[in-house]
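Engineer: The following block contains the structure, expressed as structure tokens.
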Amino acid sequence: MTDTDDGGTMLPLPDFTATFPEPFPAGPHSERTEHRLLDWLEEHPLLPSAKAKAVLVNITSHGASRTFPTADADDLLLFAELLLWLTAFDDVHAEGNGVGGPAALVDRASELMLVLAGGNPPRAMSPFPAVLHDLLARFRARASAAAYHRLAASLRDTLMALVWEAHHVAKPEGVALATYLAMRPHTVFIKTITAAGEILLGYELTDTQRALAAVRNLETAVANLAGWINDLASYEREMQRGRGQPLSLPTLLHARHGGTIEEAFTRASSMCENEAAVARRGITHLAHASPNALTAHARALEDITRSFIWHTSHARYQGIRPNRGSSTSSPARSLQHHHHHH
């Protein structure tokens, strides 16, 4: 476990050097993806501010090339656009407007539900439904029917989970820890990322493989880890918003166990390190499996995990101190200042 020196506060953070040591592989298309995403946002103005746009495009393009380092340029761009769309929706609607009450978010999410249900995009003021319609058509062209439905289902679950989150964000301590742990994977986008990976990397598990305990346990560990490290990374940025305790793992551990917030971080960091060990064992186990799809799945989940560890060191998370030196040097040690999700 490592500490970060953050102008006085020392919050213990997880150390992944034993389970997911750097360097993390990145594909060759980061810069190209970044330029193309900026052009895409000119065409589809999902984000209001130029600064928000630049930071989000940077983390999304470089993060995507670490999530799927072997993807070709066009597939990677499609994935990066989907991720950018999701994150922008969360930033613009779920966090911004959703926090004052979930009513506005219900309307925005229902517009997207109609698109996911196969309709044409409603004539909305917002660009989000039309962009989703386009993204889904491009995924559908690449995917089997079952793989496409898994992707669409993950997006429906995320929309519902974002509404749930907006409903509870004002009084996070009222949420049961078990409920939070069950919901968190759906607000950190990991299910969508995993479903997109099967499509873009060109493998598909059979139903029998998907039901294997080894597969389910690995997917669960990776999903947990994604949400929890994101919670630790984003905690201080969330606190700086002045809305009180965020709806996140440290808050709920603190509510349950008392003590200091540092102790809650120690507890959460241990949870992360233990879950990383479970994930590493699961990857190793499946990587030696005979069907190639299982091996491909293990490798994909490994890269997805690495990308979550990597992206928490990005400047989007370091909000208040832009000059902290290299933002890519050591993700585990500079794990702070972002809010949940990418």
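A Cβ is built for glycine as well, from the same backbone N, Cα and C atoms used for every other residue.
Remember, TrEMBL labels are computer predictions, not curated facts.
Marked as Mg(2+) 2 binding site by TrEMBL: D90, E95, E165. Marked as Mg(2+) 1 binding site by TrEMBL: D90, D91, E95. Annotated Mg(2+) 3 binding site per TrEMBL: N230, S234, E238, in sequence order. TrEMBL lists 319-342 with the feature region 'Disordered'. Per TrEMBL, compositional bias 'Polar residues' is recorded for 324-333.
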Engineer: Among all the protein chains here, how many other CB atoms are within 10 A of the CB of E165 (Mg(2+) 2 binding site)?
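Structural biologist: So the number of other Cβ atoms within 10 Å of E165 (Mg(2+) 2 binding site) is 25.
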Engineer: So which one is it: of the binding-site residues E95, E238, which has the fewest other Cβ atoms within 10 Å?
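Structural biologist: Selected from the binding-site residues E95, E238 on minimum Cβ neighbours within 10 Å: E95.
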Engineer: Which is it, of N230, S234: the one of these binding-site residues whose Cβ has the most other Cβ atoms within 10 Å?
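Structural biologist: Most Cβ neighbours within 10 Å: N230.
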Engineer: Let me know how many other Cβ atoms fall within 10 Å of the Cβ of D91 (Mg(2+) 1 binding site).
Structural biologist: 18
Engineer: What Cα-Cα separation, expressed in whole Å, is found between D91 (Mg(2+) 1 binding site) and N230 (Mg(2+) 3 binding site)?
Structural biologist: 15
Engineer: Could you give the Cα-Cα distance between N230 (Mg(2+) 3 binding site) and E95 (Mg(2+) 2 binding site), in whole Å?
Structural biologist: 15
Engineer: In angstrom units, rounded to an integer, how far apart are the Cα atoms of D90 (Mg(2+) 2 binding site) and S234 (Mg(2+) 3 binding site)?
Structural biologist: 14
